[in-house]
Structures are given as C-alpha cells and as structure tokens.
Amino acid sequence: MEVHVIDHPLAAARLTALRDERTGNAAFRKALRELTLVLVYEATRAAPTESVAIRTPLAATTGLRLANPPLLVPVLRAGLGMVDEAHAALPEARVGFVGIARNEQTHQPVPYLESLPDDLSGLPVMVLDPMLATGGSMTFTVDLLLSRGATDITVLCVVAAPQGVAALEKAAPNARLFTVAIDDGLNEEAYIVPGLGDAGDRQFGPR
C-alpha cells in the first residue's frame with residue numbers, strides 16, 4: 001500500500017490547531033476544511049487528465065480536466081467535515097455515504113448507513129475520514145467498496161495510528177493513504193495518541 005505523509009508547514013500549522021484542546025468547534029471545522037483541500041491536492045497530483053479545447057477572451061487554447069472524477073465517500077459522522085471542501089475542489093465528483101458508529105465498550109464498528117452505487121467498477125473512490133485509529137471503520141468501508149467492484153481506492157485522513165495503517169494495508173493492499181501525521185499509537189480507549197480527540201465531537205459537539 002502506498003502511504004503518503006504530507007510534509008508542509010501550512011498543513012502542520014492547521015494540524016496544530018486541530019490538536020489544540022482550546023480550539024473551538026467552528027475553528028476546528030475551518031482547519032479541517034483547509035487540511036482537506038491540501039489532502040485532495042496531493043491525492044490528485046497524478047490523476048489522469050484529458051485535454052479540452054477552450055477559448056480565452058483573446059484566443060483559442062487547450063486546457064486540462066480530470067479524465068475520471070472520483071466518487072467521494074465520507075465516513076459519517078466525522079467525515080462530513082471533509083466532504084464539502086473535497087467536493088468544491090472536485091465539483092464533478094459523485095458523493096456516496098457510509099455511516100459507522102463505534103461501540104465504546106468493544107471499540108468495534110457499528111454500521112448504520114450505506115448509500116453507494118451498486119457497481120464501482122472503473123470508478124476511482126476517495127474515502128474521507130479525519131481519523132484512522134484501529135482501522136475498524138475504514139476496513140469495513142473498504143471491504144464494502146471492494147465488494148462493489150472498486151479497484152482504485154484512495155483514503156484521506158488527517159491523523160493515523162500505526163495500527164490503523166496496518167489494518168488498512170491488510171484489507172486493501174492496493175489502496176493509497178494520504179495523511180498529515182502518523183502518531184505514536186492508541187490508548188486503552190483506542191483513541192489516537194497524541195491525536196486530536198474525537199473528531200466528530202470536536203466538530204459537532206457530543207452525541
């Protein structure tokens with residue numbers, strides 16, 4: 001599996017804002033949106049393009065556009081904070097949804113929503129989730145995508161734990177992962193350390 005860790009001072013500054021416990025909900029959402037744009041730019045750096053004929057106010061010329069815009073799949077609820085910015089950068093992308101809660105006793109994923117095309121053959125898929133902790137939610141999501149025929153899967157997250165990276169690689173060895181940081185590991189409650197807390201709660205408030 002390809003693993004790309006974004007090394008850029010602007011990304012690091014926004015990650016610092018996300019980590020800081022003093023950052024409020026609105027500022028957290030803003031920093032997450034800005035980091036999402038960085039992740040999308042990096043993830044599409046080598047995306048296939050096609051030529052398109054256009055006219056400027058002065059002359060005819062040729063430009064580029066993505067040859068095959070992806071399906072964006074935010075993992076709810078934390079991934080909701082990434083989808084608008086990703087869709088703004090990729091306006092022709094389609095959007096699907098996977099909703100997964102976490103059982104706080106077992107730390108296992110509890111799926112509650114799925115809205116995806118039946119056939120994903122030939123369609124690039126970009127999964128959006130700020131956190132890759134145990135990998136339970138992400139492996140459930142990629143297993144679902146693979147079962148629908150997806151072969152081109154890119155995962156965007158802000159912070160990952162080594163355990164989650166390993167779980168994703170086992171589930172989808174041909175996937176690509178783009179993240180801003182790979183942290184030390186997980187605590188006893190299976191939260192990433194140092195991490196940034198519960199990304200859903202920090203965006204939208206406690207459940």
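Using the three backbone atoms N, Cα and C, a Cβ is placed for every residue, glycine included.
The feature 5-phospho-alpha-D-ribose 1-diphosphate binding site is assigned by Swiss-Prot to ARG77, ARG102, ASP129, PRO130, MET131, LEU132, ALA133, THR134, GLY135, GLY136, SER137, ASP198, with sequence analysis given as support. According to its DSSP assignment, SER137 (5-phospho-alpha-D-ribose 1-diphosphate binding site) is helical.
Around GLY197 (uracil binding site), taking its Cβ as the centre, 16 other Cβ atoms fall within 10 Å, counting all chains. Swiss-Prot lists ILE192, GLY197, ASP198, ALA199 with the feature uracil binding site.
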Task: Specify the secondary structure state of ASP129 (5-phospho-alpha-D-ribose 1-diphosphate binding site) as given by DSSP, simplified to three classes.
output: coil
Message: Taking the Cα of ILE192 (uracil binding site) as the centre, which of the binding-site residues listed as ARG77, MET131, GLY135, SER137 lie within 10 Å of it?
response: MET131
